[in-house]
């Protein structure tokens, strides 16, 4: 089985256990927050909303800075060493008298323990949120070459979707205290498994993209290929910020991929909050949970099986544009949703949504050599974090305005229409990304084989 996955079975297991822990604790955090900081007589507790907003913005700013740094460190000291950090910080006791981070709420959930958890989690998440996913992407990019890479990005995303489905079902049956304990156990098992079984590199003789022989040597812009010494110079001597700037100066396609990433994440982050408020405003409360579960199931099937076929048929750039176009139609339809069945029907467009980020990872990873994949993935996740910080400031007030009695005109889904327009910008930007001509690919591979011979 591991051979069928290109030797990625161990990293996929680690990602599943880590993602399962994250998705498992997410649904119960709202209830725990309200119970800890709100009185029983207060139906609308603004403090809980405020705390959630502060956490999202603070963590987003922290990860925006830290992701490129972590990616750079992973290139220097190894992905396995850097993977240990986020998983340890979530389960190793931050204080001798209080237990592990997840165990704080597994032990007690009164106000004092909640605030202890809240403060510690913000500090740790500023450094570690998204780190496992980011480093897993870099691991795939370093160890998988050729046309199989983007398929493995899809498999990785599909494993996360499956973990979300499993966590959603598990959360329905576990009591709240047990939920946090199972979360801590899942992180611990994932950490031990990763340290024992995960190899830093799957191919010892594959030190960089120039030795693999596949289309990793094919860059749609030859400037990086013509200046390998320069990339290694800043790799050793300069900071992560300067690494990012140097990479973007040398690759227009990387800049375009990061721009598309911003608009995609900006739109999807706004979609989560806007759609939740709208559906709770006009539909039954359980509809959102059912829709979320349906989306994760469809997404996992699409990423695991359909993405590979589409990439082989039309190429990763066209898959990216097709996914963005489907995402645009999805948001546009939801903005004028006139009946409870419309959001369920719109899930037919979910596969396109799930194709977008794996395609971006694949396109961006081909702009640099193997030794710099951590930097590239760190840049992408840094842009993701920035977009997630900006989105609530734009879409939350806009959604609240058009759901209130003071709306300039009656259009409850106006914020979703704005999200659709943002996705259209991302779609237009994706059309500017160049494809790799097949003749250039064959020529470059042939020259690589001749040099090795």
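Cβ from N, Cα, C; glycine included.
When Cβ-Cβ distances below 8 Å are used as the criterion, the transmembrane segment (7-28) is approached by residues 1, 83, 86-87, 90, 102, 132-133, 136, 139-140, 143-144, 152, 155-156, 159-160, 162-164, 166-168, 170-171, 174, 176, 179-180, 182-184, 186-187, 189-190, 193-194, 197-199, 202 of the same chain, each at least six residues removed from its ends. Annotated transmembrane segment per TrEMBL: 7-28 (among others), in sequence order.
Residues or ranges marked as transmembrane segment by TrEMBL: 48-70 (among others).
Beyond its flanks by at least six residues, the transmembrane segment (152-174) meets 5-6, 8, 11-12, 15-17, 19-24, 26-28, 133, 136-137, 140, 144, 182, 289, 292-293, 296-297, 299-304, 307-308, 311, 354-355, 357-358, 361-362 of its own chain at Cβ-Cβ distances under 8 Å. Feature annotation from TrEMBL assigns transmembrane segment to 152-174 (among others).
If you look up TrEMBL, you'll see 180-198 (among others) marked as transmembrane segment.
Residues of the same chain lying 6 or more positions beyond the ends of the transmembrane segment (247-268) and with a Cβ under 8 Å from any Cβ of it are 219-221, 223-224, 227, 230-231, 320, 324, 327, 331, 353, 356-357, 360, 363-364, 367-368, 372, 375-376, 379-380, 383-384, 386-388, 390-391, 394, 419, 422-423, 425-426, 429-430, 432-434. As annotated by TrEMBL, transmembrane segment applies to 247-268 (among others).
Sequence annotations record features per position, and here TrEMBL assigns transmembrane segment to 288-307 (among others).
Per TrEMBL, transmembrane segment is recorded for 319-338 (among others).
Annotated transmembrane segment per TrEMBL: 344-364 (among others), in sequence order. Under 8 Å from some Cβ of the transmembrane segment (344-364) lie the Cβ atoms of residues 137, 141, 149-150, 153-154, 156-157, 161, 253-254, 257-258, 260-261, 264, 268, 291, 294-295, 298-299, 302-303, 306-307, 310-311, 316-317, 319-320, 322-327, 329-330, 333-334, 337, 376-377, 379-380, 433, all in the same chain and six or more residues away from its ends.
If you look up TrEMBL, you'll see 385-403 (among others) marked as transmembrane segment.
Annotation source TrEMBL lists transmembrane segment at 409-433 (among others).
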For this session: Can you tell me which of 288-307, 385-403, 409-433 gets the most C-beta pairs within less than 8 Å of the transmembrane segment (319-338)?
Result: 409-433
For this session: Sort out the residues at least 6 away from either end of the transmembrane segment (385-403), same chain, that have Cβ-Cβ distances under 8 Å to it, and list them.
Result: 53, 56-57, 60-61, 63-64, 67, 130, 261-267, 269-270, 273-274, 277-278, 281, 411-415, 418-419
